[in-house]
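Engineer: One structure, pasted below without further comment.
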Amino acid sequence: MENQLAKSIEERTFQYQDSLPPLPVPSLEESLKKYLESVKPFANEDEYKKTEEIVQKFQDGVGKTLHQKLLERAKGKRNWLEEWWLNVAYLDVRIPSQLNVNFVGPSPHFEHYWPAREGTQLERGSILLWHNLNYWQLLRREKLPVHKSGNTPLDMNQFRMLFSTCKVPGITRDSIMNYFKTESEGHCPTHIAVLCRGRAFVFDVLHDGCLITPPELLRQLTYIYQKCWNEPVGPSIAALTSEERTRWAKAREYLIGLDPENLTLLEKIQSSLFVYSIEDTSPHATPENFSQVFEMLLGGDPAVRWGDKSYNLISFANGIFGCSCDHAPYDAMLMVNIAHYVDEKLLETEGRWKGSEKVRDIPLPEELAFTVDEKILNDVYQAKAQHLKAASDLQIAASTFTSFGKKLTKKEALHPDTFIQLALQLAYYRLHGRPGCCYETAMTRYFYHGRTETVRSCTVEAVRWCQSMQDPSASLLERQQKMLDAFAKHNKMMRDCSHGKGFDRHLLGLLLIAKEEGLPVPELFEDPLFSRSGGGGNFVLSTSLVGYLRIQGVVVPMVHNGYGFFYHIRDDRFVVTCSSWRSCLETDAEKLVEMIFHAFHDMIHLMNTAHL
């Protein structure tokens with residue numbers, strides 16, 4: 001990172017924003033052709049024929065009109081999708097977002113200098129906070145290197161949403177408050193919020209214009225910790241953020257109505273750089289087994305998470321750390337970036353603070369004392385109960401495959417991401433006896449304010465290969481050829497999607513134009529094959545590559561009978577995390593992971609033996 005920083009001295013983090021190309025609108029014909037191809041694995045002959053007719057009718061009729069209107073919209077906006085995506089994918093959603101939408105991940109420090117150890121929470125926390133604050137300062141000064149693909153700069157806009165950002169609940173639609181500014185843009189908030197035992201505190205991280213040091217941060221954390229443990233538990237207002245969105249919006253309005261000062265306190269949390277959570281539980285965590293960390297990050301005490309914050313940094317009693325982040329303002333690659341930066345710093349310093357132990361005379365943290373009544377306390381009680389009940393239904397399997405990793409797949413000329421995606425397809429096919437419609441995230445950051453596109457990994461080629469693997473009469477050579485066809489197809493789709501040639505966001509745009517124009521929903525979107533193939537947020541497999549660093553994350557499944565599957569890739573291993581719901585009797589995250597590891601071996605075996 002330091003070398004990168006040195007190299008990028010002349011480049012400012014956000015300097016290329018204005019020169020990025022606008023998000024393109026793909027060709028209607030191409031999108032519909034790709035869509036038809038994607039429904040094939042889920043249709044019999046008659047169903048496919050019917051869908052083909054529906055698509056043709058759409059292409060020649062209303063689809064053409066909607067596409068023209070979409071092109072018109074795109075003329076006036078550098079990103080025709082941005083506002084729509086934010087609303088439809090996040091802000092209009094009414095289910096509790098802390099459990100169902102947020103992404104979480106453990107900090108990887110337990111793999112090296114910070115194994116789980118009781119009594120380390122506050123000291124480690126102060127060091128971790130300091131590195132996070134240094135990253136914030138780099139961003140404020142625009143010294144964070146611009147992300148690039150080769151020499152092409154990628155969109156950096158989401159980095160504005162990492163700090164001092166919060167979702168605010170609304171009756172029908174939430175909104176996002178963002179208070180971050182770069183130094184050249186002016187003043188921005190400089191305080192963090194700390195949640196501990198149902199109470200909330202804030203303190204400034206600058207003193208005399210400089211960041212406060214780890215010993216000073218430790219003084220602040222110790223003050224809060226001792227106060228909370230020596231006095232009764234607080235009203236746990238934060239738990240309300242884990243509620244159903246409209247219920248939380250009404251509770252928030254009521255809270256503000258009780259006392260206008262409550263709004264001032266809420267705004268202090270909203271505008272804080274991030275929330276630091278002090279948990280009093282200790283999840284089991286070793287490099288081989290850290291499922292419990294994920295369970296506690298997603299389903300832990302809602303009284304010490306502000307579910308709507310773009311960044312909750314969570315500390316556990318045994319010195320294990322992690323994060324819970326609202327997904328609305330940004331995608332997980334941001335968290336991967338800051339988490340990796342912090343982890344590298346901890347490795348450099350052997351997990352210790354080596355600077356001055358001096359503690360200056362800095363103001364003590366300020367407690368945010370909300371005015372509450374019986375109704376609010378009852379709302380808090382209900383919120384906690386619903387969150388903990390829903391979270392107890394979650395099954396998480398986090399596991400590390402150590403037989404081989406990227407090094408071997410590259411040697412076999414197989415793209416490691418595609419390798420894992422196809423292993424997942426085979427595992428699902430073996431476990432459930434049918435193809436599983438699958439969403440893999442592709443990034444579209446080549447374009448202005450680009451975020452994501454859907455790669456539909458369950459291709460005709462992938463299914464043919466899965467079938468051959470289960471067919472005793474198929475030769476090794478035939479299986480290998482089918483697998484390589486599936487690889488080629490997936491790699492092409494990923495390239496297309498990253499370069500603005502996907503079709504899922506395009507179809508969403510056409511549907512939203514119809515809605516805005518007050519037109520009936522086109523038949524294409526009512527067709528059973530639309531949802532059976534994953535359309536309308538119905539993907540049974542919701543997946544994402546977290547990257548090639550030491551960082552791991554997870555999100556809950558998109559549908560009740562589905563899985564969330566997230567993974568990162570290293571030279572010598574694949575680290576995977578799978579989520580499912582216990583109340584769904586047909587899914588089992590642990591079994592699926594077992595089958596995936598089995599598939600990894602089968603695939604490499606195929607490459608090694610097929611040419612003998």
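Note: Cβ is positioned from N, Cα and C throughout, glycine not excepted.
Pulled the feature table from Swiss-Prot, pasting it below:
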- MET1: N-acetylmethionine (MOD_RES)
- LYS40: N6-succinyllysine (MOD_RES)
- LYS57: N6-succinyllysine (MOD_RES)
- HIS327: active site, proton acceptor (ACT_SITE)
- LYS406, LYS410, LYS411, GLU412, ALA413, LEU414, HIS415, PRO416, ASP417: CoA binding site (BINDING)
- LYS406: N6-acetyllysine (MOD_RES)
- LYS406: N6-succinyllysine (MOD_RES)
- TYR439, THR441, THR452: (R)-carnitine binding site (BINDING)
Engineer: Same chain, not part of LYS406, LYS410, LYS411, GLU412, ALA413, LEU414, HIS415, PRO416, ASP417: whose C-beta falls within 8 angstroms of the C-beta centre of the CoA site? Give them in sequence order.
Structural biologist: LEU408, THR409, PHE419
Engineer: Taking Cα atoms as reference points, rank the recorded positions LYS40, LYS57, HIS327 by distance from LYS406 (CoA binding site) and give the first.
Structural biologist: HIS327
Engineer: Can you list the residues of the same chain, besides TYR439, THR441, THR452, whose Cβ falls within 8 Å of the (R)-carnitine site's Cβ centroid?
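Structural biologist: Along the chain, the qualifying residues are GLU440, ALA442, GLU453, THR454, VAL455, THR543, SER544.
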Engineer: According to DSSP, folded down to helix, strand and coil, what is TYR439 ((R)-carnitine binding site)?
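Structural biologist: In the DSSP reduction, TYR439 ((R)-carnitine binding site) maps to strand.
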Engineer: Cα within 10 Å of the residue listed as 'active site, proton acceptor' is the criterion; apply it to the recorded positions LYS40, HIS415, TYR439 and give the hits in sequence order.
Structural biologist: none
Engineer: Between HIS415 (CoA binding site) and TYR439 ((R)-carnitine binding site), what is the CA-CA distance rounded to a whole number of Å?
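Structural biologist: About 18 Å separates the two Cα atoms.
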Engineer: Pick out which of the binding-site residues THR441, THR452 has the most other Cβ atoms within 10 Å of its own Cβ.
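Structural biologist: It comes out as THR452.
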Engineer: Between the Cα atoms of THR441 ((R)-carnitine binding site) and LYS411 (CoA binding site), what distance do you get, rounded to the nearest Å?
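Structural biologist: For THR441 ((R)-carnitine binding site) versus LYS411 (CoA binding site), the Cα atoms are 25 Å apart.
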Engineer: For a quick check of packing: other C-beta atoms within 10 Å of the C-beta of HIS327 (active site, proton acceptor), how many?
Structural biologist: 18
Engineer: So which one is it: of the binding-site residues HIS415, ASP417, which has the fewest other Cβ atoms within 10 Å?
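Structural biologist: HIS415, out of the binding-site residues HIS415, ASP417, has the fewest neighbouring Cβ atoms within 10 Å.
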Engineer: Would you identify the secondary structure of LYS411 (CoA binding site) according to DSSP, in three states?
Structural biologist: helix
Engineer: Among all chains shown, work out which of the modified residues LYS40, LYS57 has the most CB atoms within 10 A of its CB.
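Structural biologist: Per the Cβ count within 10 Å, the most buried is LYS40.
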Engineer: Between TYR439 ((R)-carnitine binding site) and ALA413 (CoA binding site), what is the CA-CA distance rounded to a whole number of Å?
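Structural biologist: That separation, Cα to Cα, works out to 24 Å.
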Engineer: To which of the binding-site residues LYS406, LYS411 does the lowest count of other Cβ atoms within 10 Å belong?
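Structural biologist: Checked LYS406, LYS411; of these binding-site residues, fewest Cβ neighbours within 10 Å: LYS411.
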Engineer: Please find, for TYR439, THR441, THR452 as listed binding (R)-carnitine, the greatest distance between any two Cα atoms, in Å.
Structural biologist: 11
Engineer: For ASP417 (CoA binding site) and LYS40 (N6-succinyllysine), what Cα-Cα distance in Å is obtained after rounding to a whole number?
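Structural biologist: Spelling it out, the Cα of ASP417 (CoA binding site) and the Cα of LYS40 (N6-succinyllysine) are 23 Å apart.
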